[in-house]
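What follows is a short report on a single structure.
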Amino acid sequence: MKCRLIATGECAPSWVAQGFAEYQKRLSHWMPLELVEIEPGLRGKGRDAQRATDDEGRRVLAALPKNAYVVALDVPGRPLSSEQLAQRMEHWRGQGRDLAFLIGGPEGHAAEVLKSASESWSIGPLTLPHMLVRLIVAEQLYRAAAMLANHPYHRA
C-alpha cells in the first residue's frame, strides 16, 4: 500500500519540510509516503475565493492516484484517536488499495473534492496552519503504522 498526501500550498518552511521528511523516512519501513503539493488558487483583494477553491479542487482531483481510497482532512470530518487511526489503517491495508490524504486550502476543499472522498477525517476543531497539518498527518500515519507493527513509539 502506498500513501499520497496531496496538500494545497507550496514552499513549506524548512522546519516543516525537515519534520515531514523525518516521518516520511521513518514510515518508509512500512508504507511509502509521497507529498504532492498543489498550487494554491489566486486570492486577494478583488479575487473570488470560491473560484480559487474550485481551481485548487480541480488540481487536487487531477493528482489523485487511480482507484485510491481518498481521505479528506476536514474540520467537520470524523475525529479519530491515534488508536482509531491505526484500526482504520489496518482496514485500509486489507482493501489492498493505495491511500490519498487531502489537505485543502484556506477555505477548505472544493465541493467536488469532498464528493470524491471515501471519508473525511478531522484532526480536531482547532484552526491550524495548513503546513503544520502536513506534519501532524505524517506523524500520525507513522504512529499508526508503528502501533500496527508493535513498535514502541506509541506510549499511551
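Keep in mind that glycine also has a Cβ here, set from the backbone N, Cα and C atoms.
Keep in mind the model is a prediction, meaning the values are calculated, not measured.
The S-adenosyl-L-methionine binding site annotation in Swiss-Prot covers Leu73, Gly104, Ile123, Gly124, Pro125, Leu126, Thr127, Leu128 and is backed by sequence analysis.
Shown on the structure are the features that Swiss-Prot records.
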residue: Leu73; record: S-adenosyl-L-methionine binding site; DSSP (3 states): strand
residue: Gly104; record: S-adenosyl-L-methionine binding site; DSSP (3 states): coil
residue: Ile123; record: S-adenosyl-L-methionine binding site; DSSP (3 states): coil
residue: Leu128; record: S-adenosyl-L-methionine binding site; DSSP (3 states): coil
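Within 10 Å of the C-beta atom of Leu126 (S-adenosyl-L-methionine binding site) sit 7 other C-beta atoms, taking all shown protein chains into account. For Gly124 (S-adenosyl-L-methionine binding site), the same-chain residues lying six or more positions away in sequence with a CB closer than 8 A to its CB are Pro79. Figure note: comparing Cβ neighbours within 10 Å for the binding-site residues Leu73, Ile123, the maximum is reached by Leu73. Here Leu128 (S-adenosyl-L-methionine binding site) comes close to Ile136: these same-chain residues lie at least six apart in sequence, with C-beta atoms under 8 angstroms from its C-beta.
In the shown protein chains, 8 other C-beta atoms lie within 10 A of the C-beta of Pro125 (S-adenosyl-L-methionine binding site).
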